[in-house]
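A.B. asks: Pasting the relevant annotations from TrEMBL:
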| type | residues | note |
| --- | --- | --- |
| TRANSMEM | 16-34 | transmembrane segment |
| TRANSMEM | 55-80 | transmembrane segment |
| TRANSMEM | 110-129 | transmembrane segment |
| TRANSMEM | 141-161 | transmembrane segment |
Amino acid sequence: MKLEKWVETSLFNSRWLLAPLYVGLAGALFLLLVKFIQKFIKIVPTILESTSTELLLNILGLIDIVLIANLLLIIIFSGYENFVSKIDMIEDHVDRPEWMGKIDYTALKLKVIGSIVAISSIELLKAFISVYDGVIDTNKVKWLVIIHLTFVISGVLFALMERILHPPHAHSPEPARELPDHN
């Protein structure tokens, strides 16, 4: 019995092995910030010489970085709270985002695939804009569309599977209201 308790305690505490991974993802956020600043600084001096298309492509590149950073943040907080420990110290913090503490593993999977679809959409938009400038290979665009559709279909299938496995609670019908008697 003592061995069983030790094994169970060890297994339960093994969740803390994930904590350094989430700290590493927070470090990746810093790396994305550095890349964002680098890209932004590169755009600024060329603003007067760049075409609208070039500017749009550069801005879409910045949006890509922001979407990935948002995804990382959701994974860090949701993953930590779902698999390691609840973050109590910020429970009543005025700046606590609404979604924190409310995203379970199912919602996290759907948010991840949704973010991947959004990022893929940005990449596809960049490719389509480049096509008008004659810069990109149409074969590459074809593959980007196929990959994007794969992500979209995967997202729909994820959502469908979750709906099948966890159907929404049936609402009880409202009691019938009696019509007033005007006699």
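Glycine too: its Cβ is placed from the backbone N, Cα and C atoms.
Describe the structural context of each listed feature in the structure shown, including burial, neighbouring residues and relevant distances.
C.D. replies: Long-range contacts of the transmembrane segment (110-129) within the same chain, counting only residues at least 6 positions beyond its ends with a Cβ under 8 Å from a Cβ of the stretch, are 53, 56-57, 60-61, 63-64, 67-68, 70-71, 74-75, 78, 103, 136, 140-141, 144-145, 147-148, 151-152, 154-155, 158-159, 162.
Long-range contacts of the transmembrane segment (141-161) within the same chain, counting only residues at least 6 positions beyond its ends with a Cβ under 8 Å from a Cβ of the stretch, are 109-110, 113-114, 116-117, 120-121, 123-124, 127-128, 131.
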